[in-house]
Amino acid sequence: MVNIHGNLRVYSSRLVGRKELVRPADPKSLLEAGQVQEQAEKLVEWWTGKKSVLCITGAGLSTESGIPDYRGHQGSYHKGHKPMIHQQFMDSEYQRRRYWGRSLAGWKTFDSTQPNKGHFALAALERMGRIGVALEDQEAFYEPADAFEFGFTSGQRQLAVVTQNVDALHQKAGSKEVMQLHGAGNLIRCMNCGTKQHRNEYHSKLLSVNQEWLNEALKGYEQSSDLRPDGDAKIKEDNYDDVDVPNCHHCDEGFFKPDVVFFGDSVPKSRVRLFEEAVKAADGLLVVGTSLAVHSAYRHVRAANSLGISTAIVNVGETRAEAEGLENILKIEAPAGDTLSFCVEAFENESNAMNSSVAQ
């Protein structure tokens, strides 16, 4: 493992009284140390003999695309960001006005973000068959309220990536078998009748009735530095009473909520069940870009560990798995994009060498 020096210890309001939050090293500093290739070679070796690797990704994978994470070197928690809490959104009209007002400032940038080489590498690894598990399909994997669009087939199904991210960058990069554990940020759902709508359509309506407020709110706003992991943004405006939030167009009574699992909410049981069964079908777990602080993902890493399934973690900074002393863990302390791209190249070279040998 690469040693990290000069960590800055700060405290998160959500962790006060429990555990101090440590700012990890800048991933770019690891490149300067010349350690990425060495770490990637360890990961390639870890892959040897594995046929069913399930990948779990987190916000750290998307930082190279410009979307901040929560706990990384430039994580929003280190800047005092407090994410939206589910019950706050459900109970408070003002909190909903605040969220959608800030979303008007941040969503366009968030939605236009493009995949980085880490996303493209995982898509390539899926095409190569290096990640992906096969399991028997079950009705328990589906609920009417679920955000993803799979259909029950009573046969086998595949799953390659379980992501905690709501940014859809895996799909943009070409990954096919993806489950968005915490939902889809580009969809919204009526909390009264359940109607779903694409978020861009709703934002067009939001913009049309809030243009004057937004023009004033955006004074001094810097897109690159003020974007939040939730798709909203920090702006100087602190009065949201005048933000007009249209009700559902279908029932005209309910309010819309992003189709994501806010902090304090629960992951739908169908996704939990699919995750559980996918872990059981795996012979390796690849964890990328997450500190595993959130229990909805960590519980499955811990379950894999109890089943003796080998786990490799690519992340800059300590993860919960290390902090709690899980065994049979390979920790790769290096930037995800470069590390995974090296793995793709190594597997391509291996395949080409085998094909040349067969041809001779």
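Quick reminder: no glycine exception, Cβ is built from N, Cα and C everywhere.
On a predicted model such as this, the values are computed, not experimentally measured, just so you know.
Taken verbatim from TrEMBL:
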ACT_SITE  His182  active site, proton acceptor
BINDING   Cys190, Cys193, Cys248, Cys251  Zn(2+) binding site
DOMAIN    33-360  domain 'Deacetylase sirtuin-type'
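A sphere of 10 angstroms centred on the C-beta of Cys190 (Zn(2+) binding site) encloses 20 other C-beta atoms. Taking only the Cα positions, the spacing between Cys190 (Zn(2+) binding site) and the residue listed as 'active site, proton acceptor' is 17 angstrom. Cys248 (Zn(2+) binding site) falls outside any helix or strand according to DSSP and counts as coil. For the pair His182 (active site, proton acceptor) and Cys193 (Zn(2+) binding site), the Cα-Cα distance reads 21 Å.
Note on Cys248 (Zn(2+) binding site): other Cβ atoms within 10 Å of its Cβ, all shown chains, come to 20.
According to DSSP, Cys190 (Zn(2+) binding site) is assigned to a strand segment. Averaged over the domain 'Deacetylase sirtuin-type' (33-360), the predicted model has a pLDDT of 88.
Other than the site residues Cys190, Cys193, Cys248, Cys251, same-chain residues with C-beta atoms no more than 8 angstroms from the centre of those residues' C-beta atoms, the Zn(2+) site, are Met191, Asn192, Gly194, Thr195, Asn247, His249, His250, Asp252, Glu253, Gly254.
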